[in-house]
Amino acid sequence: MPHSDELDSRDVLSVSGLNIAFHHEGQQIDAVRNVSLRLKRGETLAIVGESGSGKSVTALALMRLIEQSGANVRCGEMLLRRRNRQVIELSEQSDAQMRRVRGADIAMIFQEPMTSLNPVFTVGEQIAESIRLHQGASHEEALAEAKRMLDQVRIPESQAILSRYPHQLSGGMRQRVMIAMALSCRPAVLIADEPTTALDVTIQAQILQLIKVLQQEMSMGVIFITHDMGVVADIADRVLVMYQGEAVETGSVEQIFHAPTHPYTQTLLAAVPQLGAMRGHSLPRRFPLISADEPALYESQIEQDTVVEGEPILQVRGLVTRFPLRSGLFNRVTREVHAVENISFDLWPGETLSLVGESGSGKSTTGRALLRLVESRQGEIIFNGQRIDSLSAGKLQPLRRDIQCIFQDPYASLDPRQTVGYSIMEPLRIHGLGQGDAAAKRVAWLLERVGLRPEHAWRYPHEFSGGQRQRICIARALALNPKVIIADEAVSALDVSVRGQIINLLLDLQREMGIAYLFISHDMAVVERISHRVAVMYLGQIVEMGPRRAVFENPQHPYTRKLMAAVPVADPSRHRPRRVLLSDDIPSNIHKRGEETPAVSLQLVGPGHYVARPLQDNALSRL
């Protein structure tokens, strides 16, 4: 049945009266209530709100994917204008018809790329499959187009990446592959669910500009779901604010940022971490806690130095980690990924050292090498005076009580077959620290500490939003009262209000228990809040390291300054010109076997502040 008369000629999508409910233990839970929206051709609509507010559920309903989770969807209308100008009612389409619509006319970039990519197929095969299905291209043509899309999303060595599997890429690389796949068929509507969450600020700036360029070329409508208000200010034309399943405010981006009317919108904007807010302060500071009922209420700030003088609890000396790449008829190792190259640093009890840098810079590999989840090629890792890089697995296990981790992808970290209570309790059972009622009480306490309810212990990971799953992972890491926590993008999936709560929780635990954090992040505003010291990584090497105040207020290395300049500002009237990198501005860290990377020489430029001296033949000199 034609619907063209029901949709304005400028609109590509119209939704009215959307209601989504789930049934759980005999009760109906309303996830979305009476949400309506319109999207014009070439327009970007940002949907913002806290974790669990219904943003992602709304997007899945538009893709007709939510019914498979047992949801009850009721909607007045859900009209889509396809690329061929035909207007269809999405709710009336059969599964077979929706398979032709998805990807070609309405595409989606999901929040967690590792769960969206097939682990048994190469990156090239997965992108090419979508191109063959919707464009009728041959296998060779599809692979050529897949390579072109990888080049467009600024992935270096794109030809080599085509033959790699998802697990061989960093989190940021996987997210860029997802974006390339979604854009490969040039859909009429693109739904982007936290597409830049896993990306560092420089790649984020490139991806946002790339989406804008493709949007203008194809007059594509974009629904951008995010918790990053800086991104909203940078990319959105209009904003829809969701709170507890309802649309509480909508308007132009200027209206929302400069004259918000709803208390929750005011709360969201007040909770946004601002780069430069720590100027003049040397120690980490809690985020101000703001409630929707009292948006002007800030808690007092009490600075307390938690760093314990004496011997470092963790020492790293000359750490090198490389990964072999096989090729040729005999599958020999011909090249290697130089993931981490000769880095050294110390971590003191009660200190937070942040590792920052672009995707693929070696931050996460450094954390995994310290946990012995990947083996280092050379170097020393000394924990509490004991060298652990050469310990056997049996001798290493007791030390794992003292070194815990929070990974970037929460869904991949939790067993989908077990309740979250079981997952949190598992470390206690393995190390013999709790059974029965005592362990259950500990689990309930941990869930409350990270902002969840004790009854959530009986639910499964798929029943939570991405932000809630990350909080569960944080609770599990705290279960054993560790001395060191390696937090790999621990708050990147959280909305701004919950992010502030979690950072405050980490700071509270540091004060109470003297925990040391190795905080791996691309969020410079959060790093500025939580850090005592900062180390900036580029292509596997540390190029600047020093006290947080020195690095942020007086960055010496050009790469550090580039990272600072790429941070989006949460104000649409303050767009800053940014240098957007071309693909050849991002050198590759893949080298021929036996080829050595020139070592970076660090110079002391201030108290505890070290900066790399650029080398003539080094990629750093081009910055």
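Placed from the backbone N, Cα and C atoms, the Cβ positions cover glycine too.
Annotation comment: Swiss-Prot describes 49-56, 357-364 as ATP binding site, evidence class sequence analysis. Taken from Swiss-Prot, the feature domain 'ABC transporter 1' covers 15-269. Summarising the annotation, Swiss-Prot assigns domain 'ABC transporter 2' to 325-564.
Annotated features taken from Swiss-Prot, shown on the structure.
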residue : record           : CB count, 10 Å
Gly49   : ATP binding site : 27
Ser51   : ATP binding site : 22
Ser53   : ATP binding site : 26
Lys55   : ATP binding site : 27
Gly357  : ATP binding site : 26
Ser359  : ATP binding site : 24
Ser361  : ATP binding site : 27
Lys363  : ATP binding site : 32
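Under the three-state DSSP scheme, Ser361 (ATP binding site) falls in the coil class.
Summarised as a single figure, the pLDDT of the domain 'ABC transporter 2' (325-564) averages 88. Annotation note: Gly49 (ATP binding site) sits in a coil segment as assigned by DSSP.
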